[in-house]
């Protein structure tokens, strides 16, 4: 497996580096910046699991640490403000750097701070969950939630580099591992059927090298899509399969009941059911999706009686993918994907949605 993937970006090119030696790879990435101030942003879970790693950072660099509570509620303007306070207190300049080390929440949060502090300072991502390694760290999207709405404030701001190490996955709980698989299945279902089939048959306990290949294959797929459509005007929209409903579920559950990959799994099932109902997708493909989700213990239906189709529809109206008058869903097809535009006043769709949940 190649050690590096180079990503072309209209904003700034960057490398994805695969390694078992995080400290050395980070040192190589920093180069002359080793002498600059570095703010490591992480969460309490990662900080306690890898305290010796942070001690190494403190010995080698002019390092500061910001530790967030774990979970989606840290993706907030309040947390951004707290990090700004620390950067200002430590007199960080435009030449200093942020390094995120954690899952998707930490990466999105730290990247947003980097994009906005002094109108942009450099940052490096070290994703520690499967989901962040294969999905959220790739493509430059950064942002935070606002008033409960998912990823309402953000930008596209690529990092200097992304450091991928499967060593971090050795301490990853099964629930988080399955959430990463959810995003890998998403890209496989639409763009790479062999990847989907390999994930369906994968045996985590006995095939570490197989996992590394699947991660590389997933990242390569996303890299290809992002390079063709960085600002999500066409092909990259396909990566929102499951996300219109998934993000609404996360918002209504306050970003703590379902993890991201779980909410997206429910969204993918509903999108696939819509596609089947419109004759766009064979029923056998939906059945295959349901089977593999069940194998990885991912939810396939909404388990919250307090979240109604009506309340979900109201949240859909704030989705960033929408056009002026329409809510946009991404539907899988036999050969790829298509978009479904639902009028924001189409209350009949609420009844349809209720039957699919």
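Heads up, the Cβ atoms here are built off N, Cα and C, so glycines get one too.
The local packing around residue 106 (NAD(+) binding site), expressed as other Cβ atoms within 10 Å of its Cβ over all shown chains, amounts to 31. Residue 106 (NAD(+) binding site) falls within a helical segment according to DSSP. The NAD(+) binding site annotation in Swiss-Prot covers 104, 105, 106, 107, 108, 128, 129, 141, 168, 169, 170, 171 and is backed by sequence analysis.
The Cβ of residue 260 (Zn(2+) binding site) lies under 8 Å from the Cβ of 72, 104, 131, 179, 246, 250, each of these being in the same chain and 6 or more residues away along the sequence. As annotated by Swiss-Prot, Zn(2+) binding site applies to 183, 243, 260.
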Taking just the CA atoms, what is the gap between residue 106 (NAD(+) binding site) and residue 243 (Zn(2+) binding site) in Å?
20
For the binding-site residues listed here (108, 129, 170, 183), which one has the lowest count of neighbouring CB atoms within 10 Å of its own CB?
170
Per DSSP, residue 170 (NAD(+) binding site) is which: helix, strand or coil?
helix
Rounded to an integer, what is the Cα-Cα distance in Å between residue 183 (Zn(2+) binding site) and residue 129 (NAD(+) binding site)?
12
Whole-Å Cα distance, residue 129 (NAD(+) binding site) to residue 243 (Zn(2+) binding site), is 19
